[in-house]
Amino acid sequence: MTRQQILTLIAMASINFSSMICYSILGPFFPHEAEKKGVSQAVIGLIFGCYAFCTLVGSLILGKYIVQIGAKFMVTAGLFVSGGCTVVFGFLDRAPEGTVFIVLCFVVRSMNAVGFAAAVTSSFAISAKVFPHNIATILGFMEIFTGIGLILGPPLGGWMYQSFGYEIPFIVLGCLLFLTVPLNMWILPSFDAVASQASFFRLCTRVKIMLVCFVVFTLSSGIGFLDATLSLFAMEKFSMSTGSVGLLMIGVSLPYGAAKPIFFSFCLLGPVPVLHIKSQLWLTVVMLVVIGFSLCMTCIPTFAEMLICAHENDFEEGLSTLGLVSGLFSAVWSAGMFFGPTVGGYITQKLNFEWSAGVQGALAFLAAFLQIIYFTNEEIQERRYFYVLYHFLHYHFRL
């Protein structure tokens, strides 16, 4: 790799790590803290989900106008906004309980989400621009730092919450995000590009793109569901402390950073009541590990597949197309992160965690089933083409 590629890789790794560790610290203690403020499980799910919804909207808009705004500016501005909002979120425990606390949570999380969308959407586009021939490999490498951030976030957040209270985790990690701003201003190159006329609508008319998007949706939905519901389930079912819940959530993050039976994993996570299996801590841990491996295996090729499909359908190879694809990827990921906590939180409140986990597993099964149908049909069409070509050439040769 060239010096510029190495520096860009360092910058992208810092973005993934710092963004994910700041995102994941909430899981072990925020649901419990919100309950003390009189917030219901369903509203807690919405607080988690609004982050994803605003990321979705922000990703689509920023991905479309990445050329006009500038990829480097989007990264640094996004990190600055996200860092500031993370620090501010740490002082919300001083807000009055009830409506005021809920509204402030929504406002700060929404602003944080827009900053996150700017940083992540542009980071995907920059990575694909700097490493055009090794996209899947580079994204796989970046996912290691995503996994490290997810690994350290819950236990570190849980430990700091137990040791120093609610404010310190957010202040420390918000300052970490601030430190990445000058680093990326110094490291990242500027890109000259021309805006294209391509649109998200045209990109979304491709069947393969939509199927891959649904896969991404189910992956992020599962992660978002666990963030919003797992901690309360573990505390109630296994009488675990906040710090222990943070260690439990490593079960998903650790194999995700290291490496498709997601359907069975989610069904056994509770487990689903129809299986008549008693909830046990060891089973929950094992299923979280399996889910983590499955998410990693499924996630890494998706962005590269979307980009390849776009180029196969005559989208030009440039920063504008990279912005569209990365924006769509981030938007679909965020849609899942919105669906998982909100719908998962609602089902958990109305039924229980076990049934909610089963629904997440069913979504993953549906995504796998649709992929099998599509690729089987594609294989049949390809074989039929070669069969016709073979007989045509054979007949022509005989003549």
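Glycine residues also receive a Cβ, built from the backbone N, Cα and C atoms like all the rest.
Unlike curated records, TrEMBL annotations are generated automatically.
Here is what TrEMBL records for this protein:
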DOMAIN    8-399  domain 'Major facilitator superfamily (MFS) profile'
TRANSMEM  7-30  transmembrane segment
TRANSMEM  42-61  transmembrane segment
TRANSMEM  73-92  transmembrane segment
TRANSMEM  98-126  transmembrane segment
TRANSMEM  138-156  transmembrane segment
TRANSMEM  168-188  transmembrane segment
TRANSMEM  209-235  transmembrane segment
TRANSMEM  247-269  transmembrane segment
TRANSMEM  281-304  transmembrane segment
TRANSMEM  324-348  transmembrane segment
TRANSMEM  355-375  transmembrane segment
Cβ-based contact of the transmembrane segment (168-188) with the transmembrane segment (73-92), 3 or more pairs under 8 Å: yes
Non-local residues, at least 6 beyond the ends, that sit with Cβ under 8 Å of the transmembrane segment (7-30): 1, 44, 48, 51, 75, 79, 82-83, 86, 116, 119-120, 123, 126-127, 130, 138, 141-143, 145-146, 148-150, 152-158, 161, 166, 169-170, 173-174, 176-177, 180, 183-184, 187-189, 226-228, 230-231, 242-243, 245-246, 249, 253
For the transmembrane segment (324-348), sequence-distant contacts whose Cβ falls under 8 Å of one of its Cβ atoms, 6 or more beyond its ends: 41-42, 44-46, 48-57, 59-64, 66, 113, 117, 120-122, 124-125, 128, 198-200, 203-204, 209, 213-214, 216-229, 233, 302-303, 306-307, 310, 315, 355-356, 359-360
